[in-house]
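For reference, Swiss-Prot has these:
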COMPBIAS  1-15  compositional bias 'Basic residues'
REGION    1-117  region 'Disordered'
COMPBIAS  20-75  compositional bias 'Acidic residues'
ZN_FING   151-173  zinc finger
ZN_FING   179-201  zinc finger
ZN_FING   207-229  zinc finger
ZN_FING   235-257  zinc finger
ZN_FING   263-285  zinc finger
ZN_FING   291-313  zinc finger
ZN_FING   319-341  zinc finger
ZN_FING   347-369  zinc finger
ZN_FING   375-397  zinc finger
COMPBIAS  448-459  compositional bias 'Low complexity'
REGION    448-568  region 'Disordered'
COMPBIAS  482-492  compositional bias 'Polar residues'
COMPBIAS  494-503  compositional bias 'Basic and acidic residues'
COMPBIAS  511-537  compositional bias 'Pro residues'
Amino acid sequence: MRRSVLVRNPGHKGLRPVYEELDSDSEDLDPNPEDLDPVSEDPEPDPEDLNTVPEDVDPSYEDLEPVSEDLDPDAEAPGSEPQDPDPMSSSFDLDPDVIGPVPLILDPNSDTLSPGDPKVDPISSGLTATPQVLATSPAVLPAPASPPRPFSCPDCGRAFRRSSGLSQHRRTHSGEKPYRCPDCGKSFSHGATLAQHRGIHTGARPYQCAACGKAFGWRSTLLKHRSSHSGEKPHHCPVCGKAFGHGSLLAQHLRTHGGPRPHKCPVCAKGFGQGSALLKHLRTHTGERPYPCPQCGKAFGQSSALLQHQRTHTAERPYRCPHCGKAFGQSSNLQHHLRIHTGERPYACPHCSKAFGQSSALLQHLHVHSGERPYRCQLCGKAFGQASSLTKHKRVHEGAAAAAAAAAAAAAAAAAGLGLGPGLSPASMMRPGQVSLLGPDAVSVLGSGLGLSPGTSSGRNPDPGSGPGTLPDPSSKPLPGSRSTPSPTPVESSDPKAGHDAGPDLVPSPDLDPVPSPDPDPVPSPDPNPVSCPDPCSPTRGTVSPALPTGESPEWVQEQGALLGPDG
């Protein structure tokens, strides 16, 4: 028969069972094992001795009942006082000789520790077993009370800590704006707002983004810009689903879906959802342009327009299409371009089923239904409903102008080839009211049809009083085989200086007899045998102009007779 006793192991605080072989007739054993007490109630073991687990216990003998009467002499006496466990100590001991921790539960009915159920969580049991620790934990302090706000607004009830804050707030109800900008005259209700506004004129941008280095003149603008780096857009439009990084941007966007527009323009009664948008719109009526370009001096009514304009000098195109790679200087142009790839046409005509990708295209299309033609040609006054139609129409004038310039150049080249000389202009050879379709210089060709050879000026009036561009009357020039008749009396024209004009106003009168002219300088009768006076500037100097037969004319006169008319 085998029995187990608890003995103290040298070098170890706890007790360990020792199994010995006993005879069945041993006197030490109680013949009735049922009377054995499993655990003695009189001796109170040391808690340190209980906080161990035997390392060499055979699992098959775990259910053996220890015998309390054969305790080791070194064990504590039954009357010894147990030591109170430290409430702050750990509920289990991690001795290197111990296999694992044994949880100890504080019995609420006693002051001793007893082995507990191994299934109990040691951490939770340790927390629940030491109510003294909870009592000594620091108490949670209440939140400090907010400072009092004794100054309340009588209009809206808002409270302020200082009277100055209330005074500034009441200006929002009264509309008082005592702080005026010396540059543009704009007024503000707060001095800090004026200081930020003046940065627009001075170019100061004290608020800089730490991520990209971009600077802004307003702190609120910087806060809105930061959401572009994080990509977080928690505010979604309930109408179209568009997301925004700030609630204020969503509120502004909701007004595009038919929201309230409380800010009305006093000039045209147009409504706006924001007061800043109304101020920008008023500049279209006043013509104010407070934002000049530092490179070219061009001024703009909005700072955003100036920034977009400055990209024309720097050639900066920061907005690139993800589909085709095309870059743009403005984000709005990129948005319009993206509709080419997506096929989106959000602007529908209310009169027909046609839709457009841009609002400007819809406005031009509406002119088709209304009949309005706001685009007018500056040359002919013709009006069109679309700007593209006016552009196409202007090409008609450009082609006509090019043709007229080519005809004038050809006529000038022909006149230069005749060598009429500097004193004979084409305008002096035309009668009053006569129009030539060959151009202003084409009339100079008329001189060769009157018997003038190229390079000569036959029959030029030698009278120094006559104009340098006058020609003799063709009827006074005798032809071969004809009689020479006396010169008819000229009829004075409306020009007060008769005989000194260019000659086309002197018309012969066959009904009147020849009467001596009272003019002291009458036109001399031509010589029956005229001799050409050589032109010192003509390359054909010394040649005689050939005479034409009666009733004949040069070929070019016959060909151009329809253009020159019967008087040519």
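Keep in mind that glycine also has a Cβ here, set from the backbone N, Cα and C atoms.
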Under an 8 Å Cβ to Cβ limit, what residues of the same chain, 6 or more beyond the ends of the zinc finger (179-201), are close to it?
168, 171-172, 217-218, 279, 288, 290-291, 303
If you average pLDDT over the zinc finger (235-257), what do you get?
82
Residues of the zinc finger (375-397) by DSSP state, where helix covers H, G and I:
11 helix, 4 strand, 8 coil
Structural state census, the zinc finger (235-257) (DSSP three-state):
11 helix, 4 strand, 8 coil
Cβ pairs under 8 Å only, please: of the recorded stretches 151-173, 291-313, 347-369, which one is richest in them relative to the zinc finger (375-397)?
347-369
Tally the residues of the zinc finger (347-369) by DSSP class, grouping H, G and I as helix, E and B as strand, and everything else as coil.
11 helix, 4 strand, 8 coil
Checking distant contacts: for the zinc finger (291-313), what same-chain residues at least six beyond its ends satisfy Cβ-Cβ under 8 A?
200, 280, 283-284, 329-330
What does DSSP give as the helix, strand and coil breakdown of the zinc finger (179-201)?
11 helix, 4 strand, 8 coil
